[in-house]
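Under the heading domain 'F-box', Swiss-Prot lists 6-62, citing sequence analysis as support. As annotated by Swiss-Prot, repeat 'LRR 1' applies to 56-82. Residues or ranges marked as repeat 'LRR 2' in Swiss-Prot: 88-113. What Swiss-Prot records for 135-161 is repeat 'LRR 3'. What Swiss-Prot lists as repeat 'LRR 5' is 209-236. Sequence annotations record features per position, and here Swiss-Prot assigns repeat 'LRR 6' to 237-262. The repeat 'LRR 8' feature in Swiss-Prot is assigned to 357-382. Residues annotated as domain 'FBD' in Swiss-Prot: 391-423.
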Amino acid sequence: MTKKVCSCINELPDDLILKILSFVSTKHVVVTSLLSKKWKSLWTRVPILKYDVRDHTRFERFLDKSLFSHQSHVLESLHVELSVTLWNKDIGPWIRTALHHHHCHLRELEIDACIVHTVLPPELFTCKTLVVLKLKGIVIDVEAPLTTVSLPSLKTLHIDHSSLFDFGSLQMLLSNCNFITDLMVIRESRFFFAEYDVSWCKTLMALKLEGLKDVISISSSSAVCLPLLKTLHVARMEDFNNDSFCRLLSNCPVLSDLTLEEKTSDVLLNLDIDMPYLQRLSIITRVDADSKHIFSLMKNYTRKLAIIAPSFKYFSIQELAYASRYRYIVRVRLGVPSKLEDASTFSRIVHLELSICSERSVEMLVDLLLCFTKLVVLKLEHVYLLTPLGRWEPPSLVPECLLSSLEALEWKGYTGRYGDKDLRSNRLKRT
């Protein structure tokens, strides 16, 4: 770095420098202390600390030292990510240090601990200033069963792939988050427990549940109404009850983004309610979807939603790859019927995104292009770069959209191999 550049940076206000450093990992932020006397202590006032712990000894010592050196009255966010090699590391002491040393202003705590056993101190669940709490890992535990939970400021709670103590403690934790707006609970596929009633939380705006038994207790006598809920994602539910889910959907007046498994999505086809704000629908399928199956899903749901959801524009079909990891197969955007000469289902589709993962995907692409006569934007993504496409025979008919309406083509993961070249040359020379 030249003296001129250093001089220009030094002239910036401290608040602006601290803001810039907040977007950089803590490892690199601490290095700035070598620039000058001014920078020697400047890093200790950065409000956000981000640690990516991949080394057993050296990085642990660095984290310990930097966490204690940081000025306690300004730390607002702590993010610790553990690599898979640290499967036996207990990061509880680091969390306790953050809570005790920086308790006054800690607003965000995120633990991304893959396949580790982590002991969480009970003080974590009585932090008055905590707004965001995200826990991700296989085994997360507390030193003792929860008896007291007081998180009055908590707005966002994510529990992702975590075996989090016992169900009673989990219920206590969730039931004492009275002002939460963003809730995500994802359990591993082999862990199911009693249904969890979400109807108590009237402030929810985003809800994602996976691996539970149900979303609303059948025995619940409370009125089911989530007046602010905009995003709902429900998947891998054991003994899912359509009646309880209907109660929920019928009382989410501003719902705009909905994700369901195919086996439970039939409730939409049989539910006669108005969903005036619904714009996005994602269906998760566990089968190797072919063109016929894709067309059937699109036709059924777009026709139904055209009646009950006048704002509906985005439809996607996803495939369950493994655990709770999904990859999309097809995403489409529908045009406004009043602006199209033909308002039929497939002619409304103006934007198509397709995941290319096999010859099956290429055949599906051809079938979709033949049906989507008004397509304007086409985006392709090659998911498996190590699986080249074989040679394929181009269709005898040229899709109408390639000759008239298609304006934009984007292809991510293009490999330049034979199958890709065949597909590219055939598509482009016709467009």
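Quick reminder: no glycine exception, Cβ is built from N, Cα and C everywhere.
Across all of the repeat 'LRR 2' (88-113), the predicted model scores a mean pLDDT of 75. DSSP labels the residues of the repeat 'LRR 8' (357-382) in these numbers: 13 helix, 6 strand, 7 coil. Residues in the repeat 'LRR 6' (237-262) partition by DSSP class (helix H, G, I; strand E, B; coil) as 9 helix, 5 strand, 12 coil.
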